[in-house]
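Written out below as structure tokens is the structure these notes cover.
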Amino acid sequence: MQSMTNPESISYLTQRDAAEIDEILMGPLGFSVDQLMELAGLSVATSIVEIYKPSEYNRVLAICGPGNNGGDGLVAARHLHHFGYKPFVCYPKRTAKPLYTGLVTQLESLAVPFLTVEDLPSDLSKDFDIIVDAMFGFSFHGTPRPPFDDLIQKLVYLHKCNQTCQKSSLIVSIDIPSGWHVEGGDVNGEGIKPDMLVSLTAPKLCAKKFSGPHHFLGGRFVPPSIVENYKLHLPPYPGTSMCVRIGKPPQIDISALRENYISPEFLEEQVEANPMDQFLKWFDDAVAAGLKEPNAMCLSTVGKDGKPSSRMVLLKGVDKDGFVWYTNYESRKANQLSENPRASLLFYWDGLNRQVRVEGFVQKVSDEESEQYFHSRPRGSQIGAIVSKQSTIVPGRHVLYQQFKELEEKFSDTNLIPKPKHWGGYRLKPELFEFWQGQQSRLHDRLQYVPQEIRGKQAWKIVRLAP
């Protein structure tokens, strides 16, 4: 997950400081070069995934130099393969050390193609969506020698082509755009102009001259002692992410935002005859995929005024009789359901390109069922249900906190907190299901289950809807 940090508040390293920090990491702090390389390459790969999805930018060429920066590129290529991209590697000046030969062997075992400089087309845009520039890092100085001088010019040409052509390969530079001065940047203005820069450990001074749309920091391994000794100001990494965005993302044309879904076909002969069985099958897939809150669903209701309203709620039970959730019986949705006991549920599982719509009749669950679920909730949630007069206006958050503390004290010696009468569950009995699977070119699969009577028995008819 990406986060945004003001680039003015971040520390930038000189070449000397960057070299010293590497020596400390691999000396007294006990890191090995292969550990740091693995973390760096993974950071680069996750930064790429944040912006350039494999469904749109699949073909990646990693151009790797002979040093540590090249090693980072080899590691990144391996991770990109596992993330669903199709990487290629150009590694013209191979290093004979076991660490590097091992990285090559790992890629070869994945059938990642290695290309010679002569194999590359004159215009890289013809064959590749992304170029990973892993030629030179912060320790490089001087003038690039063959074949890297020509490879750098190929990348410079891409930027010029990008200004005149409709589609050009995107450039992702690791730590330092190759050929740039580590502190002065693109001194003569004729160097590589990357679309993304992934700084490692901490940005180098040249990163201040980076003007591309995406700047990320990777390398979530800097110990507190280094932060303190070098007075580093580094952004916090969000969640479990290996990368963090520096600066604001570029302005986006909302109309241009689109995803080209790639999914297995969803065919009539493959689905369950009973839509509840099909739902449970997809729900299990969402759980197995580790999606956050797979039981989250959008509940839509309409009152007698004909005005619809929607909100996210959590599914708390599902069986042959329908879908169950719990709420305040004096809330807006409850009032609408009392006026019009019909509703629609929508489940959206982004990671699987799937949606399920369910429509049907709604009624309250039994008091016994509500009571049982209420007392299964965490104690704080039980008190919260009593405090919240849902959908009514409150003077401020402090009022809720105060009431919560008062009730917490009131029930401190009570094992069983009484369920409020205005709180309980609803069950939607399905009358229609629609299962949606995203596909390429907007030719989505939509299979609808509608009830029908066959020889006096209720059954479900499956029809395909146009996307």
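Here the Cβ of each residue, glycine as well, is placed from N, Cα and C on the backbone.
Note that the structure is a prediction, hence the values are computed from the model and not measured.
Around Asn69 (K(+) binding site), the C-beta neighbours below 8 angstroms that are at least 6 residues distant in the chain are Ala134, Met135, Phe136, Gly137, Phe140, Ile174, Asp175, Ile176, Ser178. Among the features that TrEMBL reports, (6S)-NADPHX binding site is placed at Asn68, Asn69, Gly70, Gly71, Asp72, Gly137, Phe138, Ser139, Phe140, His141, Gly142, Thr143, Asp175.
Non-local contacts of Asp133 (K(+) binding site) by the CB criterion (under 8 A, 6+ apart in sequence, same chain) comprise Ile63, Leu155, Ile171, Val172, Ser173, Ile174, Pro177, Ser178, Ile192, Pro194. For Asn69, Asp133, Ser178, the entry in TrEMBL reads K(+) binding site.
As annotated by TrEMBL, domain 'YjeF N-terminal' applies to 18-234.
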If you average pLDDT over the domain 'YjeF N-terminal' (18-234), what do you get?
94
Other residues, Cβ within 8 Å of Asn69, Asp133, Ser178 Cβ centroid (K(+) site):
Ile63, Gly65, Gly70, Gly73, Ala134, Met135, Phe136, Gly137, Ser173, Ile174, Asp175, Ile176, Pro177
Most Cβ neighbours within 10 Å, among the binding-site residues Phe138, Phe140, goes to Phe138
Rank the binding-site residues Gly70, Gly142 by the number of other Cβ atoms within 10 Å of each Cβ, and give the residue at the low end.
Gly142
Across the record's (6S)-NADPHX-binding residues Asn68, Asn69, Gly70, Gly71, Asp72, Gly137, Phe138, Ser139, Phe140, His141, Gly142, Thr143, Asp175, the largest CA-CA distance in angstrom?
21
